[in-house]
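In what follows, a single structure is set out as structure tokens and then discussed.
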Amino acid sequence: MQTYTIKPAQSVRGEIAVPGDKSISHRSIMLGSIARGTTTVCGFLRGEDNMATLNAFRAMGVDVRDDGETLRIEGKGLAGLSEPTDVLDCGNSGTSMRLMTGLLAGQRFFSVLTGDQYLRNRPMKRVLEPLSRMGATIFGRAGGDKAPLAVVGRGLTGVTYASPVSSAQVKSAILLAGLYADGETEVTEPHLSRDHSERMLRYFGADIETFAGGVKVRGRELTGRDITVPGDISSAAFFIVAALIVPGSELLIKGVGVNPTRTGIIDILTAMGGSIELLNCREISGEPVADLLVRASELKGIEIGGDLVPRAIDEFPVICVAASCAEGRTVIRDARELRVKETDRIAAMAVNLRKAGVDVVETENGMELIGVERLEGCTAESFGDHRIAMSMLIAGLAARGEITVNDTECIATSFPNFIALLEKVVVP
């Protein structure tokens, strides 16, 4: 088991670029594989999750060439994938499993999806239910709620589905299945979740229409495109919080994706009093991008809920760290989805922050915590979750003493060079 010990920092300073966006990287492989013609991808995130997606499509006959800088995908068209000869292993990636389940439901072959011990215990019925309404045949453990999942490809029919949860994975699985369905497929959700699938489908030429509260798609061949993947705001979030909570810090993070469905982290931290400027705003491959200038700030506790939650769902572990260093009480609500991530992120952060001296009260769908003047040194657990591990390492920068995080191998899931980048900007 790998461990890493972080010491308190004097400041966080410099200029960095974070790795490519994980969500966009997944989708570039999927859509590039089922489009006609060649797709090139610059800035692809070579983390374990994205490599699981890449390897799955290679196993279905897609030629993906990687020269270390650019991926070149020779698309097969909607009906061109081949039946895999082995189980498709999604590793720790819920995005890979849920989105591929939707895509595979419309194929004319049999496939099986599995993952690691954590992924095999995450809920899948939220995807299987709407796909079954479209005519998909999918089997899984626990009545279809747990992987491995066996997908028997067949003809699909478009549906109108009101998702009870705001989940980009659920929405995207249905939209991908909708590419293969007869008629129109429509999805609505309580609050708008990240819209990378809609943007990229439109960029690839899909017959897609967005409207207030939802999206519609009809089957049509896609055309390969050139994609430049922006920096992942979920990865940038760790460095944003680091620069905010360590006095004397100033950090420029270049080329970050600032899709409005993902900038909840900026809105939350700004509402807490954080100094975050968006510079050099532009659009690349259908996605808004900016450079972020972050300066150390005195943060104050706030209430977080409603439509902010799906716009910052992956950033809540490090938001909890920011709240722990803020003056006063922070209340997080409407975030029950955090309990079914790679681990129960509400419980995991509560355990770790209590070790660091924070007064934390868990609720069913969130938590309440009171910030402290300085976190205490401690030994924290990652619980096998990359975002928990990185969040607690950021906490260590603002602690009185060292924070050691156990089981840090999981960081490679989404951010293989996190430690190296952190060491580059921390002034000890």
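Every residue gets a Cβ built from N, Cα and C, even glycine.
Cross-referencing Arg218, Arg295, Arg387 with the phosphoenolpyruvate binding residues that Swiss-Prot gives (Lys22, Gly94, Arg122, Gln169, Arg345) picks out Arg387. Comparing the binding-site residues Ser23, Gln169 by how many other C-beta atoms lie within 10 angstroms of each C-beta, the top residue is Ser23. All protein chains considered, the CB of Ser167 (3-phosphoshikimate binding site) has 22 other CB atoms within 10 Å.
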